[in-house]
Ligand code: ADP
Ligand code: MG
């Protein structure tokens with residue numbers, strides 16, 4: 001190699017080593033909380049971007065370990081095992097989420113109710129199992145958010161034996177919101193995090209809005225709309241994610257606390273708003289309330305909008321989106 005070429009090569013290597021890491025998009029799909037999740041972020045520094053992707057994944061897993069009903073060491077499982085017998089002390093993080101769930105239960109007059117699980121745990125959508133009439137009659141009165149007593153010092157007590165809770169209607173949204181908070185405090189300005197039907201956007205997609213699709217509730221690969229959004233949360237609840245059909249009846253994973261059975265008026269509801277925790281819980285709430293009562297409810301929530309798809313395949317928009 002000539003001396004000149006050798007010198008040029010050395011110079012190039014030096015430049016590569018000392019030039020600042022390239023700003024770029026970083027992406028990571030992963031599995032968490034029984035669903036597909038995805039994070040995409042813009043970072044000025046390559047190593048920082050990669051580290052944050054894994055930070056997001058770890059945050060989901062941390063919350064899963066705390067709140068999953070399938071993990072016997074989770075605080076949620078501990079409550080379901082012991083809170084009927086004695087007050088159980090939990091982390092202030094879970095306690096605060098239970099408070100948020102309670103607020104929405106009160107606001108929705110019990111349409112959102114995490115004690116739905118008192119009946120909900122008798123359904124198994126994979127095995128196509130549902131409670132018998134006798135079980136339903138027995139367990140239905142156990143669904144009542146008032147049975148969940150939030151006591152002083154992060155203690156929780158269930159008023160009756162048999163009461164069970166599950167955070168499937170709010171925990172994913174909460175995790176998405178926490179993970180976005182983590183990115184924001186690390187200085188990230190542009191990011192998208194999605195888990196199942198819950199998506200949260202930080203900033204825009206560098207000069208243009210993010211595009212978030214609303215799935216077609218019956219055609220798996222089709223979408224009904226694509227919304228250009230920045231800095232907001234969007235959550236969809238549908239009757240098509242976990243369900244089975246028996247004798248023409250669709251049994252799906254959202255339950256009306258009043259009946260212990262799946263509501264049938266809607267196929268999906270999408271909620272848009274400023275934060276994922278509430279957007280997630282509110283989409284489940286609106287699904288239970290149905291079109292008429294759901295529309296009245298969402299119109300009363302400033303900052304939140306909704307798109308309903310009825311069982312007749314009709315789209316309905318709340319007033320803030322009507323244009
Ligand atoms: P996904 O989990 O597919 O994102 P949702 O956000 O609509 O869908 O949440 C559905 C989950 O909410 C159910 O799987 C169940 O865990 C929980 N859930 C069902 N019915 C209720 C209810 N009435 N109140 C609160 N949570 C509910
Ligand atoms: Mg929801």
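The backbone N, Cα and C atoms fix where each Cβ goes, glycine too.
Positions annotated as signal peptide by TrEMBL: 1-23.
What TrEMBL lists as Mg(2+) binding site is 169, 280, 284. Sequence-distant contacts (6 or more apart, same chain, Cβ under 8 Å) of residue 169 (Mg(2+) binding site) comprise 112, 114, 116, 237, 254, 280, 281, 284, 285.
Across the binding-site residues listed here (280, 284), the residue whose Cβ sits among the most other Cβ atoms within 10 Å is 280.
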